[in-house]
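Engineer: Dumping the structure here so I can ask a few things about it.
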Amino acid sequence: MANDFLFTSESVSEGHPDKVADQISDAILDAIFTQDPRSRVAAETLTNTGLVVLAGEITTNAHVDYIQVARDTIQRIGYDNTEYGIDYKGCAVLVAYDKQSNDIAQGVDHASDDHLNTGAGDQGLMFGYACDETPELMPAPIYYAHRLVERQAQLRKDGRLPFLRPDAKSQVTMRYVDGKPHSIDTVVLSTQHSPDQSETATKMKASFTEAIIEEIIKPVLPKEWLQDTKYLINPTGRFVIGGPQGDCGLTGRKIIVDTYGGACPHGGGAFSGKDPTKVDRSAAYAARYVAKNIVAAGLARQCQIQVAYAIGVARPMNITVYTEGTGVIPDDQIAQLVQEHFDLRPKGIIQMLDLLRPIYAKTAAYGHFGREEPEFTWERTDKAAALRAAAGL
């Protein structure tokens, strides 16, 4: 990639239909883990106008009112009025869970290659990434795209912008100079709103546009990056019909929003609704943990990790490090340090990051990475000092 370029990432709010589905799936996982943290969970959700469908595979000793968990999640998000197309009180909730396949369970429970005998729950490849563009060691475009929709929800819920409704999307186009963030070229923010905020079907009131720019966008984005920035606020105009009424929502359809905004590859596996024996989730968290500690240690300015697994086998097929020429030691030496300092077997990951806890509902909106939350153990940089010392720095 050239040193001077534009790069764009997007995010969506907690009221986006796919994120409603993700949050219901993870709320169900948390409710199960509160009672039985050894459960096997693959909880999928579909949301549509007035309808929620819960399906997937769950093996547990927990007794959970799945319908109530779904309703509580929809209420927390803010869909509490039939005008919004889905209302937590009156929506239909259908439940169709099966148990985990015995064929899968035997491979996961009895891996043959290691005394840490939890095998991977499926084959697959996962990526982790970190860079020095923000203090959180995240790419700037996705980090700030998340903060925009997060603030939209905050101002909606606290009543400062009462005309906002739950569904929203953001997009940040960053200008890079010499490979580093220089300024924000364009911000797109589309937010659902009450009917009185549009002058016509294609034109919003000036007061609406001004409020979005002044109250949501400018307080979130670094002032020094707002140089001749273009603002596109509800560029198609009226956005009253939204959420599950506007589009059918499904768990696992926002995997780039959930990760790095396209700044690095994605293995294809979604996170929400999956217990940590599913390496789609746990190994992606571990790969972020590894990459973040490498950058925090000063071994590289940016770091991409790939790991891959075979179903029922504990040890990863590969651990590959790529620093795009920013490493202070060769990438293969960094990869060797990773193998020495991180246990990337599924059970090792679960122990290392303390993943058998009801911590997942919070991850299901505004990104799984780059957030300094106490539950987000994969965001710690507690291995950085040891890595730095081992590298001789």
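Heads up, residue numbers simply count up from 1 along the chain you see.
Note: Cβ is positioned from N, Cα and C throughout, glycine not excepted.
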Engineer: Say Swiss-Prot lists Gln100, Asp247, Lys278 as binding L-methionine: which of Glu57, Glu150, Glu199, Glu324 is in the same site, per that record?
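Structural biologist: For L-methionine, Swiss-Prot names Gln100, Asp247, Lys278; of Glu57, Glu150, Glu199, Glu324, the listed one is Glu57.
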Engineer: Near Lys274 (ATP binding site), which of the binding-site residues Asp18, Glu44, Gln100 can be found within 10 Å, Cα to Cα?
Structural biologist: Glu44
Engineer: Pick from His16, Arg238: which of these binding-site residues has the biggest number of other Cβ atoms within 10 Å of its Cβ?
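Structural biologist: Sorting the candidates by Cβ neighbours within 10 Å, the top entry is His16.
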Engineer: Taking DSSP as the reference, which of helix, strand or coil describes Gln100 (L-methionine binding site)?
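Structural biologist: SS state of Gln100 (L-methionine binding site) = coil.
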Engineer: Validating a neighbour-count step here. Other CB atoms within 10 A of the CB of Lys278 (L-methionine binding site): how many?
Structural biologist: 23
Engineer: Need one number for the ATP-binding residues His16, Asp167, Ala168, Lys169, Arg238, Phe239, Asp247, Arg253, Lys254, Ala270, Lys274: the maximum pairwise CA distance in Å, whole number please.
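Structural biologist: Maximum Cα-Cα distance: 36 Å.
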Engineer: Identify, among the binding-site residues Asp18, Glu44, Glu57, the residue whose Cβ has the fewest other Cβ atoms within 10 Å in this structure.
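Structural biologist: Comparing Cβ neighbours within 10 Å for the binding-site residues Asp18, Glu44, Glu57, Glu57 has the fewest.
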Engineer: Take the Cβ of Lys274 (ATP binding site) and count every other Cβ within 10 Å, whichever protein chain it belongs to.
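Structural biologist: Lys274 (ATP binding site) is surrounded by 27 other Cβ atoms within 10 Å.
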